[in-house]
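J.: Below are the C-alpha cells for one structure; questions will follow.
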Amino acid sequence: MATNRTFTMLKPDAVEKGHIGAILQMINAAGFRIVAMKLTQMTTSDAETFYAIHKERRFFPELVTYMTRGPIVAAILEKENAVEDFRTLIGATNPADAAEGTIRKLYAASIGENAVHGSDSDDNAAIEGAFHFSGREMF
Ligand code: UDP
C-alpha cells in the first residue's frame, strides 16, 4: 500500500511554537487518514541517516542540529495520491516560495526551519515510515 501513503514530520520548530494542533487540523481537513503517529526525538545518528542524501551539502550540520534539538511529531498518512498531494499541502522548501495557504507559508520561518517534512516519492515514503515505525504501530 506504499502507493497511497506518505510520511511526515512536524519538525522541532513547529512543535516548539505550539503548531502541532493547527498543522494536524490542516492535514485532516485535506483528507489524509493518520495511519501512525508519535511524539519522538531524533538522535544525531538518526538525523544523519534520515538525511544521508544531503550529507555533502553545506547546510547538513545545521540541518542535523536543528532536527535533533527537540521533539518532532512523526506520522504516516494515507490518501489517494498521498505523496504528491501532501507536497502540495506543505508548499515549497523555502517558505518565501511557498504558495499561499500551504503549511510552510503559514508556519515555516526559513528554508532551514521549515516546520514540516513530506516524503518526495512512494519509495522514500515507505523507507521513511519504516525508519520511525514498526508494523504494529501502523493502523
Ligand atoms: N534545507 C536547508 N537548506 C537548504 C535546503 C534544505 O536547511 O538550502 C533543509 C530543510 O529543512 C529541508 C531539508 O533540508 O526541508 C531537506 O531538503 P530537501 O531539499 O529535501 O527539501 P524538502 O524535501 O524538505 O522540501
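Cβ atoms are placed via backbone N, Cα and C, with glycine included.
The domain 'Nucleoside diphosphate kinase-like' annotation in TrEMBL covers 3-137. Per TrEMBL, the feature ATP binding site maps to LYS11, PHE59, ARG87, THR93, ARG104, ASN114. If you look up TrEMBL, you'll see HIS117 marked as active site, pros-phosphohistidine intermediate.
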J.: Quick one, of the binding-site residues THR93, ASN114, which Cβ has the fewest other Cβ within 10 Å?
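T.: With the binding-site residues THR93, ASN114, fewest surrounding Cβ atoms within 10 Å: THR93.
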J.: Helix, strand or coil by DSSP: which one applies to ARG87 (ATP binding site)?
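T.: Note: ARG87 (ATP binding site) is helical by DSSP.
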J.: With every protein chain in view, what's the tally of Cβ atoms within 10 Å of the Cβ of ARG104 (ATP binding site), excluding that atom itself?
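T.: That number is 24.
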J.: Around LYS11 (ATP binding site), how many other C-beta atoms are within 10 angstroms of its C-beta?
T.: 25
J.: Round to a whole number and give the Cα-to-Cα distance in Å for the pair ARG104 (ATP binding site) and the residue listed as 'active site, pros-phosphohistidine intermediate'.
T.: 10
J.: LYS11, ARG87, ARG104: which of these binding-site residues put a Cβ within less than 6 Å of any ligand 1 atom?
T.: none
J.: Pop the Cα-Cα gap between HIS117 (active site, pros-phosphohistidine intermediate) and LYS11 (ATP binding site) into the table, whole Å please.
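T.: Rounded to the nearest whole number, the Cα-Cα distance is 7 Å.
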J.: Give me the largest Cα to Cα distance among LYS11, PHE59, ARG87, THR93, ARG104, ASN114, the residues the record lists as binding ATP, in Å as a whole number.
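T.: Between the outermost Cα atoms of LYS11, PHE59, ARG87, THR93, ARG104, ASN114, the distance is 21 Å.
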J.: Only counting partners 6 or more residues apart, tell me which same-chain residues put their Cβ under 8 Å from the Cβ of ARG87 (ATP binding site).
T.: GLY118, ASP120
J.: Between the Cα atoms of THR93 (ATP binding site) and the residue listed as 'active site, pros-phosphohistidine intermediate', find the distance and write it as a whole number of Å.
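T.: Between the alpha carbons of THR93 (ATP binding site) and the residue listed as 'active site, pros-phosphohistidine intermediate' there are 9 Å.
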